[in-house]
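Asks: Sharing a structure here in structure tokens format.
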Amino acid sequence: MTELAPLPTVVLGSLAFGVFWMLAVFPSVPFLPIGRTAGALLGAVLMIVFHVISPDDAYASIDLPILGLLFATMVVGGYLKGAGMFKHLGALLAWRSRGGRDLLCRVCVVTALASALFTNDTCCVVLTEFVLELAAERNLPAKPFLLALATSANIGSSATPIGNPQNLVIAFNSRITFLRFLFGILPAMLAGMGVNTVMLLCMYWKDLEGASPDEAAAGKEMEAAEEGRSPASVLSLKCGASPASANGAGLRHRQNGNGNGHDADSVMSENISTKHRWFMQCSEQRRKLFLKSFAYVVTVGMLVAYMLGLNMSWTAITTAIALVVVDFRDAEPCLDKVSYSLLVFFSGMFVTVSGFNKTGLPGAIWNFMAPYAKINHGSGVTVLSLIILLLSNLASNVPTVLLMGDEVAASISAAAVTRSWLLLAWVSTVAGNLSLLGSAANLIVCEQARRAPRNAHDLTFWSHVVFGVPSTLVVTAIGMPLIGKISI
């Protein structure tokens with residue numbers, strides 16, 4: 001039985017956590033517009049200043065394996081982007097597309113599967129603008145495709161420990177192996193992906209009629225001729241790239257040639273003079289082919305190592321450093337693409353959540369709800385899922401996992417521990433689709449679409465909620481009975 005801390009500690013700890021929660025959900029409040037990352041650090045500092053947690057305990061609460069895995073995954077993702085992997089995914093989306101409905105289904109399937117292997121945030125970052133271009137080429141509305149991208153990325157990421165941050169936390173704390181995690185959630189993920197796709201088609205069936213790709217392309221050519229655009233810009237539209245990117249290719253090439261302005265897409269486009277003699281003796285085409293092939297091979301090796309049960313954090317770090325060494329040039333341009341603010345956010349959040357746990361409130365709340373949330377009967381699973389859904393959207397999914405994980409696991413029999421962890425992973429991940437603030441992937445899609453140089457679209461909070469609420473409830477309910485059905 002968890003006991004409450006002294007009243008001053010409970011009050012001050014709750015206040016510090018409330019500040020963190022407010023800035024995590026509303027990062028630009030008028031009276032304190034400092035953002036999520038600074039808000040997490042503020043919450044951590046308040047926990048220490050209020051003596052809710054000691055400095056030594058605060059340092060100990062920062063989970064270095066999770067931070068290392070996040071860092072390495074972002075580095076590997078940068079090299080894979082430079083190797084053209086996400087361009088191939090984009091080409092797969094556009095290949096022989098037969099209209100808006102077919103394209104929407106492809107976006108859902110490709111995004112879900114890619115997110116399971118390369119994290120939902122990474123897929124949303126690299127695919128948002130491409131999806132906008134595909135929709136614009138076919139005279140289709142952007143909203144259904146942005147919703148498909150965000151919701152499918154969240155659903156797909158639930159299947160693996162590396163799909164999203166909360167799954168990383170669960171995998172480390174529960175010590176569930178990669179394969180056991182995958183097969184435990186895979187049936188629910190596939191069913192949820194299918195149901196989510198059908199619901200999108202039903203809600204936006206008429207909006208997805210649009211024009212055929214050929215008619216849309218002809219219209220683009222006529223529009224370009226009227227506006228006096230060059231044939232190259234029209235060709236770029238057909239290929240799914242923006243004219244700005246086509247016209248700016250030469251500028252980027254000149255910048256990279258004189259050592260200025262490295263780009264994430266040029267990770268594999270290196271200056272020959274900086275390479276080893278072996279590179280000098282090879283043709284440019286062979287050098288690029290070797291580097292791209294090596295990026296794919298070591299990434300497959302990383303996934304195999306996960307499946308064999310090797311340490312995920314050090315496996316990812318080893319893969320990242322192997323790519324850096326073989327690339328054989330200054331790694332700063334690629335390392336600059338790492339989202340260090342996300343790592344700092346997680347560090348502050350670990351301290352803040354650990355301090356809040358020391359108040360005893362999470363344990364007391366769980367002790368009250370535990371008798372009604374047993375997973376050995378249907379009503380208990382339903383109650384537990386509703387608690388996770390609400391907390392994931394109030395306190396965000398990662399803090400919810402940190403707050404509830406140990407309590408859920410400790411309150412049930414050893415035989416049901418694995419299923420309870422997997423259920424927590426499934427519900428907390430799908431809960432991210434409930435509202436725009438439910439997951440970082442939703443916010444990435446929203447911001448990327450709003451700031452896109454072409455075909456920008458403002459995905460509002462309410463336009464997301466209209467689809468997000470029914471989708472989350474139905475997908476969660478359909479997936480819950482399938483959790484843990486396949487065990488290895």
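Cβ coordinates come from backbone N, Cα and C, glycine included.
I grabbed these lines from TrEMBL:
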DOMAIN    28-431  domain 'Citrate transporter-like'
TRANSMEM  6-26  transmembrane segment
TRANSMEM  33-53  transmembrane segment
TRANSMEM  59-82  transmembrane segment
TRANSMEM  181-205  transmembrane segment
TRANSMEM  340-357  transmembrane segment
TRANSMEM  377-396  transmembrane segment
TRANSMEM  461-483  transmembrane segment
Asks: For the transmembrane segment (181-205) and the transmembrane segment (33-53), does the number of C-beta pairs under 8 Å, pairs 6 or more apart in sequence, reach 3 or more?
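Replies: Taking Cβ pairs at least 6 residues apart, the transmembrane segment (33-53) and the transmembrane segment (181-205) are not in contact, as fewer than 3 fall under 8 Å.
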Asks: Does the transmembrane segment (340-357) make contact with the transmembrane segment (461-483) through 3 or more Cβ pairs under 8 Å, each pair 6 or more apart in sequence?
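Replies: Contact criterion not met.
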Asks: Residue list, the transmembrane segment (59-82) vs rest of chain: Cβ under 8 Å, 6 or more residues beyond ends.
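Replies: Residues 53, 118-119, 122, 126, 162, 165, 168-169, 172, 264-269, 295-296, 299, 302, 311-314, 316-317, 319-320, 323-324, 327, 334-335, 337-339, 342-343, 346-347, 350-351, 353-354 contact the transmembrane segment (59-82) from elsewhere in the chain.
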